[in-house]
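Please read the structure below before turning to the comments.
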Amino acid sequence: MESGEGNNNNNNGGSNHGCGESKELYCSSWWSQFRNVSNPWMARYVYGFIFLVANLLAWAARDELTSLKALTQMKGLRGCKVGKDCLGAAGVLRVSFGCFLFFMIMYWSTAGTSKLKEGRDRWHSGWWLVKIVLWVAITIFSFYLPSEFIEVYGQVAHFGAGVFLLIQLISIISFIRWLNDYFITEKYAERCQIQVMLFATSAYLICLVGVILMYIWYAPQPSCLLNLFFITWTLVLLQVMTSVSLHPKVNGGILSPGLMGLYVVFLCWSAVRSEPAGNSCVAKAGYVYETDWQSIISFVVAILAIVIATFSTGIDSKCFQFRKEDAAAEEQEDDVPYGYGFFHFVFATGAMYFAMLLIGWNSHHSMKKWTIDVGWTSAYVRIVNEWLAVCVYLWMLLAPIIRKSRQSDST
């Protein structure tokens, strides 16, 4: 999420800064900042572009490269049988491993960076030719690795993708709670009361419409018990979140459960949409029978969503700090604007995540062209992610009350 960025005066070149000597870093043109390695906010866009290219390469390895005779007949790649083991699902994993290893190297070399203009800050924000060559070399190297190693990486990637989903989940919930707390402060509580009510009401209406459409599209028959359970349980969870948030002891307001409802309904929709074709309970399956412009646009949007989600989560390291107030009080002008190590770690786990989406969380699962995140494994991952999101949200609401009750009991 971008909340961490919005709270930092160094955001996007620091337009609020004067051009004094201490602010020189943010006062030059964007090209000068990029060339002179002077703005870490610019650097994150380059990393995001590298991550996008890795996603496209993984898609090409799955859907396009198998049609190239020059590649399918390559016998020089160790562990490949006429190139087949290096393409398809295994090709996705190899590109993913190259991206993962690159960002892990960046993580190891930048973790703990605290001040601007030190060596590790310059390495994070510059040396682009060296880093691009490094990434390309690692990606090519991954195609020479034995198939057995890639199989092991594919299993480990399940865990790494789960870590990414957990980080993203906490980041989203933290942003929702921050937004809710922002509007219930004394400064905005009365002035924005009508806007908050309209926004919350709209969120609940969208949730209701989404649930109704899921019943129509994905549970058209009484025999569709699994989808009926998923959708109905989503309604129950929405009611539970609202009731807990409005409880007098919690007093969390109506906005945050409404926004969480949107996220939960979206996860449920993603789950039932990921169910494979051939299921009579899926009126609009995720599989594509004919390649048309709608399927291509849907696929491109899904790829961009992965990149944006990884990009926004990577700069939100502040929501994982245990002592935020102390950290904010100690911030100095030359502190780094976001955690470099956390940023690269998120991208490393994101590399595992996009691999799982492109192969349907199963390296032996055949995916049709222009499809992403389709299969029963994908559906269950989404459902578990939905239930986990609700549990984390409820814990964030109840934890302060439980902590206070324990403190009162101890005294």
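Cβ from N, Cα, C; glycine included.
TrEMBL annotations: computationally assigned, not manually curated.
From a predicted model like this one, the values you see are computed outputs, not experimental measurements.
Under the heading transmembrane segment, TrEMBL lists 42-61 (among others).
Residues or ranges marked as transmembrane segment in TrEMBL: 87-108 (among others). Non-local neighbours of the transmembrane segment (87-108) in the same chain are 47, 50-51, 54, 57-59, 61-62, 65-66, 71-72, 124, 131, 134-135, 138-143, 145, 147, 150, 153-154, 157, 160, 340-341, 344-345, 347-348, 351-352, 354-355, 358-359, 363-365, 367; each lies 6+ residues outside the stretch with a CB under 8 Å from one of its CB atoms.
The transmembrane segment annotation in TrEMBL covers 128-145 (among others).
Annotated transmembrane segment per TrEMBL: 157-176 (among others), in sequence order.
According to TrEMBL, the feature transmembrane segment maps to 196-219 (among others). Within its own chain, the transmembrane segment (196-219) has Cβ neighbours under 8 Å at 183, 227-228, 231, 234-235, 238, 253-255, 258-259, 261-262, 265-266, 268-269, 272-273, 275, 281-284, counting only residues six or more beyond its boundaries.
Per TrEMBL, transmembrane segment is recorded for 225-246 (among others).
Counting residues 6+ beyond its ends, the transmembrane segment (253-272) has Cβ neighbours under 8 Å at 172-173, 176-177, 179-180, 183-184, 196-197, 199-201, 203-204, 206-207, 210-211, 214, 218, 227, 230-231, 234, 237-238, 241-242, 244-246, 282, 373, 378-383, 385-386, 389-390, 393 in the same chain. Annotation source TrEMBL lists transmembrane segment at 253-272 (among others).
Among the features that TrEMBL reports, transmembrane segment is placed at 296-315 (among others).
Annotated transmembrane segment per TrEMBL: 336-359 (among others), in sequence order.
Counting residues 6+ beyond its ends, the transmembrane segment (379-402) has Cβ neighbours under 8 Å at 165-166, 169-170, 172-173, 176-177, 230, 234, 237, 240-241, 244-245, 249-250, 252, 256, 260, 263-264, 267-268, 270-272, 274-275, 356, 361 in the same chain. Positions annotated as transmembrane segment by TrEMBL: 379-402 (among others).
Note on the transmembrane segment (157-176): residues 1, 3, 93, 96, 100, 256, 259-260, 263, 309-310, 312-313, 316, 319-320, 346, 348-353, 355-356, 361, 381, 385, 388-389, 392-393, 396 of its chain, located 6 or more positions outside it, place their CB under 8 angstroms from a CB of the stretch.
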